[in-house]
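In TrEMBL this protein carries:
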type     : residues : note
TRANSMEM : 20-40    : transmembrane segment
TRANSMEM : 60-78    : transmembrane segment
TRANSMEM : 98-120   : transmembrane segment
TRANSMEM : 265-286  : transmembrane segment
Amino acid sequence: MAVLKVKFTKTRRDKLAQILWILNWVSVVSGIILFSLGLFLKIEIKKRNEVMAKGDVNSVPNMLISVGVIACIINFLGGKICYDCSDANKFSRWKLVMLPYIVCTFCFTFCILVGALMCYTMRNELEESLYLGLRDAIKFYKDTDIPGRCFLKKTVDMLQIGFQCCGNNGFRDWFEIQWVSARYLNMASKEVLDRLKSNVDGKFLVDGVPFSCCNPSSPRPCIQYQLTNNSAHYNYDFLTEELNIWVKGCREALLDYYTAIMRSIGIAALLIWLFELSVLIGVRYLQTAMKNVLLLGDLEGESDGWLLENSFVETAKYNINIIKNLGKANQISTVSGMNDPNIDVQNTDCGKPNVTTKSIPAAS
């Protein structure tokens, strides 16, 4: 029994073809939107590429860009097909193309759904990439004289100012690394030498942060150094007073930023998927209705359209049997003599044939 069977008159078939022609052109626009969203996300990720470790963070934008391009091509072709389907004579040349087109469009529509879901599952990969990238960027913050790293100080400073964050997980990350270059340390100072000697690795560690961690909205001047020393500052209590530096880590700030973008893109992709799915269903109804018109031979009469000619279970069994038969057709028996068409066939006698020859008459 056909699934969701609907009866179509000629007028309804013509209107359906016209509506689908318009919707396919709208789908071309939706493909451009998908392409633009993927390109936007790719550019946003590339802007902070210096603070991200290499990974699969570009898989989502690449997926959206690819699906957007395919959407434009498929829907452009779908618009042409639906336009011709208003005429039964023109439909004849698309008759063999319609079913493969619907299958390809279904696979493409599924890819849109996958791309939308990837926007919500990318958070873990992005978080790991940001953690590793920011860790290395902060580690090389002081290397302003080394080629390939000299830009990291500006990158980190602009990042902390723009996203109102400090460090990787928080401002305490700066306490664990030497972020002041050795060229700016006074080696004649006893305090500097004591700090270098007190550390096992010989690093100059301080309980301070770069200027970019300062909160300009703080009512008091920024305290960058000796953040945990209450006696070093007047009327200052490290445990109770709100610090005048950014408390949030940059990893969390960037993760929230990209999560908000991907959530919005995911919602847009889901809406486009629903729209594309509705167009695909309409094309399927049009294809089956026009096919039945040709079978009936009455181009002006009524015809049935459906999503599936048989039930879901029967359709699944039919497709599974096709796959199984294809597999059996390619199997070659490894058992000697099994299914050999030449078995039990007697060999022909290859000896000298017993044929009487006629003597050639002599010439008279």
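Placed from the backbone N, Cα and C atoms, the Cβ positions cover glycine too.
When each of 20-40, 60-78, 265-286 is checked for Cβ pairs under 8 Å to the transmembrane segment (98-120), 265-286 comes out on top. Outside the transmembrane segment (20-40) by six or more residues, the chain places 60-72, 75-76, 78-79, 82-83, 85, 112, 115, 265, 268-269, 272, 275-276, 278-279, 282-283, 286 with a CB less than 8 A from a CB of the stretch.
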